[in-house]
Amino acid sequence: MKHPPNIFFYFLSLLVFFSTCIQRSLTEGVDPDEAKQLRDEVREMFYHAFDGYMEHAFPLDELRPLTCKGEDSLGGYALTLIDSLDTLALLGDRERFASSVEWISKNLRFDINKTVSVFETTIRILGGLLSAHLIASDYATGMKVPSYDNQLLHLSEDLAQRLLPAFDTPTGRIPFGSVNLLHGVDENESKARSHPGGGTLTLEFGVLSRLTNNPVYEQVTKNAVRGIWSRRSKLDLVGAHINVFTGEWTQKDAGIGTSIDSFYEYLLKAYLLFGDEEYLFMFQEAYRAVMHYLYNDPWYVEVNMNSAALVWPLFNSLQAFWPGLQVLAGDIDPAIRTHAAFFSVWRKYGFTPEGFNLATFSVQYGQKSYPLRPELIESTYWLYKATRDPRYLDAGRDMVASLQYGARCPCGYCHISDVESHKQEDHMESFFLAETVKYLWLLFDLAAGPDNLVENGPYKYIFSTEGHLLPTTPEIALVNEHCSYLGAFCRGNDVRHRPPFNTSDGASQSNGTRFPLSWGPTSFPSDPTSHESGSKSGLIKGLCPGLTHGQKFGISYQAETVITHEAPPTNHQEVSLVKSHSVVVISNPKPEVSSKKDGRDIQNPSPASPEVTHPRNDDDLQAYG
């Protein structure tokens, strides 16, 4: 049962709200001229890191920015260059974009004896190649490469074929976490896998299916999503780790951060990109459960997926994508409050640590680092896009200052190994160029008067979880036409006086958050400077009847661990806003350490034995009660 916040929590939340208002009144906001200067500064940040990589690390995977050397971290195939391709295009750098596409077309090969992460290879390499292909092959983007002849698409298909053996598992759906590009899945491959890897492949594989007219890629990834979702609990919650042999949950902590974040992200974005209502149904049910069981306004906690008992009062940095996702879903008000809470942690330390303990209001032991993550910056961009509130430009300016003074090093930008001491670490993940500086640049370009592929190009774009640009072209978004955008509004629809959602058939009320049973037309206020809560509205146009996903699609759920296939469809499910399904799965061995993006370097120590320090008397942090 969810407990209401206590008086102490409420009081401290008000305190941080008023202190934030006072601080904003005393701080000079970012005007258009400064926005242009900041945009140019972020552009220089990108080239400082990109040129450092090309000079000192290429064609190895990633740059070591302190010692100006390179390292192979994923597969040994110029990872950072591939991850950076669409950022080069976004910045309008035709020369370097074209030369990079030409080099990759001639030199990249995947017939190598390397065992790679299915998840990381998909979001970074496959997504990077597909995005660059769609830009380089299309005159309408203004970045057409004259010599280009679909080489990146052919490479994408070759890579996807080498990843397909990962889906040949006893569950028949949920893939292995790793695969050898030459020999397939190793016989000693781990049976337990990180959750988002199985549910965060739909955009890239789905786009590849649409471009090649080969449905197998889209089908195996959709089956993986169904396989995970069919094993959710009766509370509509999913865990963090699952066994691909038995379908049992090996870690039952349900949250929105580490090991789970991009699963939610891709449910909504797969609907937005492909128009497939099944993804929307799953997202609606999953979102209701999150807002009911995990949301302790303005923070999110981790609970047991079966009982909803609190297990982990922790803000981890990967949760920071959530307000941006809420913008895409049209639930703006809680996104604003949560972003303010998350940003208060950034202001306190200059960066967000991997883990911040909400019980002690201190950095979580063993989770002190900041590996240049983009998630809070991403949400800042989306909230500014939705509201035009200048507070988000101020936040972006603070983030630029933190990166410039704390993370900049001789050849690029360094991980921060300890947010309290700002000690630097000799590593720069490729997502710094694919996402972190990309979202900062988009934020300030939007304020300065946008002139870029995303804002002024021929298509609306969906951002992958690695920040890659996937356009809603007719070739990809083949299903019914729907408003799939994303921080703007549905042009041609006069919906200014309509409510955000059609809630005539009921809506769930979870901690003050209304979420629809059906999604109505969408708009943002005609005055871009307005950010009253009443003017916010959803971003999805389309009709979704008030049925559960199981009722509409006949997907029912695993009753016990020994079952490894879906039970026959049932018509007896009760219609309920949050609790609408029968039981799920079981078992609780100790979790494995997640790898790379959705758990990079996060150890998940036991919540029963963290290193506890005394809370700080700090007015600019929102309290957890």
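Cβ coordinates come from backbone N, Cα and C, glycine included.
Pulled from TrEMBL, these are the features on record:
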ACT_SITE  E120  active site, proton donor
ACT_SITE  D261  active site
ACT_SITE  E354  active site, proton donor
ACT_SITE  E375  active site
BINDING   T465  Ca(2+) binding site
COMPBIAS  501-513  compositional bias 'Polar residues'
REGION    500-538  region 'Disordered'
REGION    588-625  region 'Disordered'
SIGNAL    1-27  signal peptide
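Cα to Cα, E375 (active site) and T465 (Ca(2+) binding site) are separated by 10 Å. Distance from the CA of T465 (Ca(2+) binding site) to the CA of E354 (active site, proton donor) is 18 Å.
A distance of 10 Å separates the Cα atom of T465 (Ca(2+) binding site) from that of E120 (active site, proton donor). The Cβ neighbour count for E375 (active site), using a 10 Å radius and every protein chain shown, is 24. The two recorded residues, E120 (active site, proton donor) and D261 (active site), have Cα atoms 14 Å apart. Summarising the environment of E120 (active site, proton donor), the number of other Cβ atoms within 10 Å of its Cβ, over all protein chains shown, is 24. The 10 Å shell around the Cβ of D261 (active site) contains 26 further Cβ atoms across the protein chains shown.
For the residue listed as 'Ca(2+) binding site', other Cβ atoms within 10 Å of its Cβ number 27. Neighbour density for E354 (active site, proton donor): within 10 A of its CB lie 27 other CB atoms from the protein chains shown.
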